[in-house]
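All remarks here apply to the structure that follows.
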Amino acid sequence: MNQNVENSLFIRAAQSKQTERPPVWMMRQAGRFMPEYWEIKNKYSFLEMCKTPELAADVTMLPVDLLDIDAAILFSDILVTAEAMGGDLSFEQGVGPRFSNPVRSKADADALRTDVVDKLQYVADAVKETQSRLNGRIPLIGFAGAPFTVLSYLVEGGGTKDFKKTKRLMHNNPELAHLILSKITKVTIDYLNMQIEAGVNALQIFDSWAQALSWDDYEEFSHRYIKEIIAGLNRQNVPIISFGKGSSVFAPLMAEAKPDVISVDWNANLRTLKDSLPAGIAVQGNLDPYIFYADKEVIKKRIYKLFDSMRGVDGYIFNLGHGIMPDFSFDKVKYAVDAIKEYRY
Ligand code: CP3
């Protein structure tokens, strides 16, 4: 790893080392809340942007240049693996991701391909292109979806509020659910190892829909696959961040999968949760993203209160409990980043 990146606030915090202030990056930091994102988005489709390394690098660099955050996250999507496996993926304005060929039967599951890492070469190329632009300025985070979250999109054929089809599958036909999850897991291990090989400095696994699961079902249908993924990575020095909505409840299981960092949603008291984890696991989070609808002073006060509570902790990265929303004010997000950079423990 480049010397400057190795000594960066983000990498040090991810390795549970001391930092003078919390490093900051935000989920969905390159996106629709930025006018500059729309300038690109108006010319290309979302998938074109993901699949063209120069465009993916352009978008990845927007928050680096405009917000001056402490880590970049590669512009892509958690569903590109599912597309490579055979999902017919599209993103429609206002609808979100859609698969026109949802996976619901044994035949559908059998048709999913697992030798697909070559099809995802564009992501490795985007990592290389972005790293050449970053030139050691800050670390680059790569990512993938956790198998349960990816499964839910494949089975539902898109986003869902009630997970009806996913739960029907899990409970009525657990063998089939496990077959699909195993296939996603294999692809995800190859895919993340490809990203490490291409030069990412950290990886985040997104289990956005873990919150839909009971403790037992989380253990059976999510946790064991995340554990298998983390165990299957050629980690070298690359810290692994495990994010889940529902993470404040599932943190003890998440810790057992042995990530370097657990990214926590905003329901938890972060300090209490951190103190309950085994030593050597850092935490990331956990500002309520919807604070950004309040006034600047309120936002700053909440952030500093969170930071004051984390004093004396080695291993804390600031983030939101979930992603930036398209209608957040860029000006307020920038204000928050500046306030974070002024803070000292
Ligand atoms: O964080 C970043 O800035 C990096 C890029 C990134 C995107 N998606 C860009 C994106 C990352 C890390 C993701 C992960 C992702 N994708 C997750 C996990 C994180 C989370 O938010 O829970 C999930 C569940 C997805 C699936 C997905 N992709 C959804 C549900 C949507 C639609 C969202 C919506 O509100 O419409 C997407 C599309 C998407 N992914 C956009 C972006 C910038 C919007 C695309 C557009 O401009 O239309």
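Using the three backbone atoms N, Cα and C, a Cβ is placed for every residue, glycine included.
Caution: TrEMBL annotation is automatic and unverified by curators.
For the domain 'Uroporphyrinogen decarboxylase (URO-D)' (23-32), the model gives a mean pLDDT of 96. Marked as domain 'Uroporphyrinogen decarboxylase (URO-D)' by TrEMBL: 23-32 (among others).
Residue density at Ala30 (substrate binding site): 27 other Cβ atoms are found within 10 A of its Cβ, drawing on all protein chains shown. Summarising the annotation, TrEMBL assigns substrate binding site to Arg28, Gln29, Ala30, Gly31, Arg32, Asp77, Tyr153, Ser208, His322.
The Cβ neighbour count for Asp77 (site 'Transition state stabilizer'), using a 10 Å radius and every protein chain shown, is 18. According to its DSSP assignment, Asp77 (site 'Transition state stabilizer') is coil. What TrEMBL records for Asp77 is site 'Transition state stabilizer'.
Sequence-remote contacts of a segment are chain residues at least 6 beyond its ends whose Cβ falls under 8 Å from one of its Cβ atoms, and for the domain 'Uroporphyrinogen decarboxylase (URO-D)' (141-157) they are 25, 71-74, 76, 78-79, 81-82, 87, 97-100, 102-104, 123, 127, 163-166, 169, 177, 180-181, 184-185, 188, 191-192, 195-196, 198, 200-210, 212-213, 221-222, 225-226, 229, 241, 244. Taken from TrEMBL, the feature domain 'Uroporphyrinogen decarboxylase (URO-D)' covers 141-157 (among others).
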Could you tell me the maximum Cα-Cα distance in Å between the residues recorded as binding substrate, namely Arg28, Gln29, Ala30, Gly31, Arg32, Asp77, Tyr153, Ser208, His322, rounded to a whole number?
22
From binding-site residues Ala30, Arg32, His322, the one whose Cα lies nearest Asp77 (site 'Transition state stabilizer'):
Ala30
Give me the long-range Cβ neighbours of Arg32 (substrate binding site): same chain, 6+ apart, Cβ under 8 Å, in sequence order.
Trp38, Lys41, Pro326
Using Cβ-Cβ distances, find the residues under 8 Å from His322 (substrate binding site) that belong to the same chain and are at least 6 apart in sequence, listing them in sequence order.
Met27, Ser208, Lys245, Asp265, Trp266, Pro289
